[in-house]
Structure formats: C-alpha cells, structure tokens
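As written in TrEMBL, here are the features:
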type	residues	note
TRANSMEM	A:21-39	transmembrane segment
TRANSMEM	A:45-64	transmembrane segment
TRANSMEM	A:76-94	transmembrane segment
TRANSMEM	A:100-118	transmembrane segment
TRANSMEM	A:125-144	transmembrane segment
TRANSMEM	A:164-184	transmembrane segment
TRANSMEM	A:215-233	transmembrane segment
TRANSMEM	A:245-263	transmembrane segment
TRANSMEM	A:270-289	transmembrane segment
TRANSMEM	A:295-314	transmembrane segment
Amino acid sequence: MAQLLAPALPGRARMRRSAPAAVSAVALIVMIGVCSSLQPGVLTVEGLTLVLSATVPLVIAAQAQMTLMAVGDIDLGIGNFVGLVTVVSATLLVSSPLTGVLVLAGLVAAYAVLGFLIHLRQVPALIATLGASFVWLGLGLFLLPTPGGTTPEWLASFGAWQPAGFPAPLLPIVVVALLVYLLSARSALGVRMRGLGSNPVVLRRAGLRPVTSRVVAYAAAGVLGVLSGLVLASQTGGGDVSSASSYTLMTVAAVILGGGSFAGGTAVPWGAAVGGVTLGLVSVVLSLLDVRSDMQSAVQGVIVLAVLAGRVVVGKVLR
Amino acid sequence: MNIRVAGPRSWSGPRNGAPWVWGFAAAALVWLVILVISGQGGGQTVSLALSLAPYLVIVGLGQMLVVTAGPGNIDVSVSSIISLAGFVSVAAASATGSAAVGILAGIGVGVLVAAVSTVAILGLSVPPIIATLAAGLVASSITLSTANGFTAVPDAGLRAALNLRPAGVPVLALAIAVLTVLVAALLRRTVYGRSLVAVGQNRRAAERAGVPVARVTATTYLLSGALAGLTGALLAAYIAPSADLGTRYLLDSVAVVVIGGTLISGGRAVPVGVWGAALFFILLDGLVNLVGWSTAAQNLLKGGLVLFVLFLAGGGDRSGGLASLFRRRPRPAAATTTTTITGDDTDG
C-alpha cells in the first residue's frame, strides 16, 4: 500500500496545488463560450484582440501583485502606481523622453527602496504600501492635475499594432507571464523569493540573505507596474492618475483566483494571468449581454465569490 | 495548507505604555503649526477639526475591531457601504419624514452588506480581503444604479443637528466620544470583547479554549458594517449623498487604526488612538488648505508622513516608545517561536 501511495502522493499534491487555477480556467472558458455564443465574431483574431486588449494592463499589474504575494507581502499601492506611470508617460515621456525614462527608472528604484526599508525596519508591507499609495497619487496629481496629455508615438503604435494570425494582446500577456514564471519558478532567485514567503527562518539558516529576495521581488513588481502603466497609457491615449485605482484590489482578487495565497511561498504566474483575464472579461461579457455598466462591479464580485466557492468544493473532493 | 501559529506576544503587553499618545502628539504638532501660520486663535481650528473627525472615527472604530480579529482581517467594503448607506438613508428619511428611520436604514444597509462578506468568510473560507471586496463591489453597483436620477435631499433637521456647536464643541463629537467609550467598554468588559482580543492574539489557542471563533468573527464584521453604515448616513446628511462619498475612507480608516496604535496583526485594540489619528489627518488636511497647497501636496504629505513615522518607528530591537506603535514581523531572534504546521499536507 505504501509503495502504491508513494508515487501517487506528488501527483495528488500537484493536483491540489493547480486545482484553484483550474477552477478559474473553467470560469474563463465558460465566459469565452458565453461571449462567442452571443457574438460569434469573438473567436476570430480581430474579436479576440478587441476582447483581450482591455485585460492586458490588469494582467500585468496582477503579475506585480503576485510577485509580492509570493514573498508574503501585499501591495495596496499598485493601482495608484500604475496610474502614476500613465501620467509620466503622458507628460514627461512625450515632452522630454530622456527625463521620462529616468523618472520611470526612478520609480522602479523607489519600489526597490521601499522593499529594502520594509525589510530593514521590519514593518508590515500592508501599511508601508498603503502610505506609498498616497505618495504615488500625490506625484501623479502634481504632474497632471486633471486627466489628459498625449501618448508617445512609439507607445501609441504599439497599442495599435495588429499582427496577422494571432491576437496582439495575447503576446504581452504570455510573454510577461513567461518572464515572471522564469524568474519566480525556474530561477535560483525565485526559490529564494518563495523561500522568504514560506519560511524566512530556514532561508536565513541556509546562509541566504532574505533582504536580497525582498528587494528583488519589489524591484520586479516595480518593473511590472511600469509595464502595466505603459500598456494602459497606450490604450487610453493619455494619462490619469486615478484611471487604475481599482487595480489595487482587483489584482489581489486575480492572484487569489489564480491560486495564490496571502501566506506567501507560492508563485502562480499562469494562474494570475488566467485570473486577471477572467476579471477583465467581465465587462466584455456584460456589454455583449446588454447589461448596464452599473452592474459590472457587482458581477465581478459575484464571479470572484463563485470561483472561490467552486474551489472549496473542488478542495473537498480532492481531500 | 500552512497555518502559522504566532509566537508569544509578551512584547505587546503593558510595558509598551500608551500607544495612543502618538496620534494626539502628531495632531497637536500640526495644530501648533496651523496656529503659527494663521496667527489666529486656535480654538476655531480645534472646533472645526472636532466636527469633521467624528465621521472618520466611526468608520475607524469598525475597522479597528476587524483588524483586532487577527492577521488577514481587514474590511475593504467600508467605502462602498458608506456611499450606499448615504443614498439609502437619505431616501428612507425623505420617504418617512423621520431622520431616525434614515439613520437606522443606513445602519441596516451596512449590516446587510457585511452579512454577505460574513457568509463568504465563514461559509466559503474566502480570505476576508476578497470577501469584503466582493461584497463592496456588489454594494457599489447598487449605489451606481441608485444614484441615477436620485432627487431626495438630506433631512434638514439632522443636518442642523450635525452642525450644532454649542460653545464651539460639536454635539456629534460628544456623541461619538460616548460611542468610543462604549466600544472601549465592549472590548474590556464584555465576553465578546475579550473573545475578540483572544482570537486576534492566537486564533488556535482561542479555539482550543472554547471561544466561539466563528460567532466572534461574524459579530465583528457585522459591527464594522453597521458602523460604516452609520458613517454613511451621517455623512450624507452633513454633505450630500454621492457615489464617491466613501472613497477616501477606505485607506484613511486603515491608516488611522494603525497610527492610533492598534496592532495590525491583531490582538490589541486602542479605541482612543483612533481619535488622535483622525484628528491628525483632519488637521493635516486643514494645514494643507491653509497653506494653499494642492491635493497633490496633501497626498504627498500624508503618504510621506505615514511612511516616515512607520520607518522611524520600525520594528528593530528597541522596545517601547515609538517602536511599539507598529506591529513587527517576527524578528529573526523571536522567529524561532514561529511554528509552521504542515500536518495538513501529509494526511491526503
């Protein structure tokens, strides 16, 4: 019996680990199915481009959130941060590209410093990122008090890019998820990051410095936040510091939908991508169903609860 | 599933002194700066701050109870509840002609939304931040549909009562001071309050000791919803109902709870501290308006100060004083007491 169980255990454990993302994937497929039955054009390349493009910034921001949740932290400032990046790209990046790039690099550095200080001073990330979110909002309002500005040409042409054969938004979603996967699941740094999330004491005893893990995770989150903001700016064609304020909690929901946990120690780049697309698709489904846009957030909330309820059921079955 | 059992919390004991002083100290400092800049009597500033702070205090008290319930507990639906309760209470008050019915309706809405979160948290084991987020999303959808073509106006009597300031002391501030004392008594003197603190300090130990953890958790979220609903009802009468009435109160409520000295990891609530931190925030807004800075500077200052105080206080090895304001991560030295139970994985 023991011999029979031994090889079965890892498979079962892996199944239990990937089950949450699988439930979300089912929700995603159901939603695409609903879309295509309402509007068969959705399944063409143009249709998918249209449907997916709105979800790209949220998915990339969800990867940033996932990176921090992997080390056991949570980022309550990501929404305003993404908004700030759209503002920088709509103002500085147009008027003086060099300054703009330097400012964006500075923002990534600010994230790394934030992570360093959180670690050095041993303070809860929840509060530190909350404080930082006021700073991002203030900087954004300082640069651009009212929504507006333009988009750099290269960014606008990226937003309008229409390759033949495959939907363009799929490329950033997959490439970013792959990069985050390589960093968090396949590299030595990734092991250290997840180690920090699951058991910092063991990480220390292994002679590795936890501070490196945290700073790398925050820097990666900063880079992903900048990417998300640039993509959002390429779509909206301007800057608005509060355009992404809903991302703060939506990204957390996307990571949870994708199988991540608040305890840290797990990295779910593919799950976060699936969760982000699922949440982003809600607005598309609703507009196809002719539901008023007022109800959009309610349906998002209900879907989150329904998927998590589904996970409880699946978890009970697998137990 | 990894369940972390926190180590002994001896350092959160009485030797930390009075963690609520710092909010008041910061508020007093800002007040002095305002006094120096404006050169006028400071009484009026205090009076104004006292009439604005209670709204933040009410919602902050609810958030404090939730945060006290232990790691991971946070109510992110408060902003949506405030907006929705504002509309519902104004509608109910103008339909019945009674301001009291309006306030009760607002509280009722808060309890209803919180009931949704509670069912998700306890029934579906959804993490609280997600459960309250989902309930809040549903509430904000209802708010948006209500806001379309909303014509009722807030009750004039209630508005006059909220603006009442005999001898410069707002009546509302006195009422909320009484409420704060009641919450403090609830935490210290009732079985529920003691259970809540016990659950926050160590959920497992509380469970083993026979504390009805589920019932305590449910009561906590319902109370937070009710207090947020009350905030919405009063705020809508004071200003006017709008869809983004409660937006700023989400981040602010969490911030005042933590600045007030309540442990973010749970297990220690400091109701008085919420007042100090709320006065600090309101006076800071006043200062920025006085100097004529934009909302940009206001946010920069607020965020900068929160970060500054946070990193200055920090965790580190010092104990007491400012350091006790904030919960630390388990320090390397103390972290040996952090046990990770992985038993759940092996019996599958």
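Every residue number used here counts from 1 along the chain in the order it is shown.
Keep in mind that glycine also has a Cβ here, set from the backbone N, Cα and C atoms.
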Annotated stretches the transmembrane segment (A:164-184) and the transmembrane segment (A:245-263) touching (3 or more Cβ pairs under 8 Å): no
Recorded stretches the transmembrane segment (A:270-289) and the transmembrane segment (A:45-64) touching, at least 3 CB pairs under 8 Å: yes
Selected stretch (most C-beta pairs under 8 A with the transmembrane segment (A:45-64)) from A:100-118, A:125-144, A:245-263, A:295-314: A:245-263
Interface present between the transmembrane segment (A:295-314) and the transmembrane segment (A:215-233) (three or more C-beta pairs under 8 A): no
Spatial neighbours of the transmembrane segment (A:295-314) far in sequence, C-beta under 8 Å, 6+ residues away: 19-20, 22-24, 26-27, 250, 253, 256-257, 278-279, 282-283, 285-286
